[in-house]
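Chemist: This structure is in structure tokens; I'll ask about it shortly.
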Amino acid sequence: MSNWLDKIMPSKIRSESRQRTGVPEGLWKKCPKCGAFLYKPELEKNLDVCPKCNHHLRVSARRRLDIFLDKDGREELAAHLEPSDRLKFKDSKRYKDRLAAAQKSTGEKDALIAMRGTTMGVPLVACAFEFNFLGGSMGQVVGEKFVQAANVALEHRIPLVCFSASGGARMQEAILSLMQMAKTAAVLEKLKQEGIPYISVMTDPVFGGVSASLAMLGDLNIAEPYALIGFAGPRVIEQTVREKLPEGFQRSEFLLEHGAIDMILHRHQMRERIAHLLAKFTAQEKPGTEAPIEFEVTEKPDVDEPEGQ
């Protein structure tokens, strides 16, 4: 999108200015917390954690599973499932059009990806929410994918891990969406009865029907640092109760302090700690340890001045 400067500056000057920087576009990303400009290849190497302030940036579902699972032996589950507009829902835009736009922008069919694989050699089933797909909202396909993933875990008696990032139930699917809360809770009860471990990992943000169902039903409830977790958002609560909320209210650190979650794990530790926990839960040999991530942080270069000045 062009800004006011683009409108008043001749295109020739704009192009020459870009050429003088010598920095290709799209190589830098701004940290939403500290405002530092981060070199994308280094940011990816650091698992999308800001090396300046330690802020955990949001990542896509596939990126999340790529970080967490071993490279070999992955199998995507229920990849054929696609959402449909059974209620012919329309608000300011048709639901059918919203789905098409979300599928085009994310490359995913819906807001959940499920895979069977291993992490540090420990077999498991892992799910991850795609927040960029309609806010990671839970509709019929998300609920069905989660249930099928849990059933694979039941069939093979291997643990289930879910990374949540969601605004809640999908309003465009109305009662069909709300039913997924009961549906996912029911299959998790089956896992519990069979003694199959389920670990819930909450990432920024987790709200609504997802936080009120599968996200808070883990045998172990883990969160990333500074993740926003709750049922209604803080602004909605403040407008309702007409009071200022405590500092850090609904952040993972606040929830840990008040006993709502079991632990907070840094993204660098997530894979190793969960693998060790699952190995202990399932009486398997303890996995090894991974080398720490190390690199020198590159500072964003200044705009090169033209020669002769």
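Here the Cβ of each residue, glycine as well, is placed from N, Cα and C on the backbone.
Residues or ranges marked as domain 'CoA carboxyltransferase N-terminal' in Swiss-Prot: 27-296. The Zn(2+) binding site feature in Swiss-Prot is assigned to Cys31, Cys34, Cys50, Cys53. Look at Swiss-Prot and you will find 31-53 tagged as zinc finger, backed by sequence analysis. What Swiss-Prot records for 288-309 is region 'Disordered'.
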Chemist: Name them in sequence order: residues not among Cys31, Cys34, Cys50, Cys53 whose Cβ is within 8 Å of the mean position of the Cβ atoms defining the Zn(2+) site.
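Modeler: Not counting the recorded site residues, we get Pro32, Lys33, Gly35, Ala36, Leu38, Pro51, Lys52, Asn54, His55.
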Chemist: When the number of other CB atoms within 10 A of each residue's CB is tallied over all shown chains, which of the binding-site residues Cys31, Cys50, Cys53 has the maximum?
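Modeler: Answer returned by the neighbour count: Cys50.
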Chemist: Tell me, roughly as an integer, the mean pLDDT over the domain 'CoA carboxyltransferase N-terminal' (27-296).
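Modeler: Mean model confidence (pLDDT) across the domain 'CoA carboxyltransferase N-terminal' (27-296) is 96.
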Chemist: For a three-state summary based on DSSP, what are the helix, strand and coil counts in the zinc finger (31-53)?
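Modeler: Split into helix, strand and coil, the zinc finger (31-53) gives 6 helix, 4 strand, 13 coil.
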Chemist: In sequence order, which residues at least six apart in the same chain have a CB under 8 Å from the CB of Cys34 (Zn(2+) binding site)?
Modeler: Cys50, Lys52, Cys53, His55
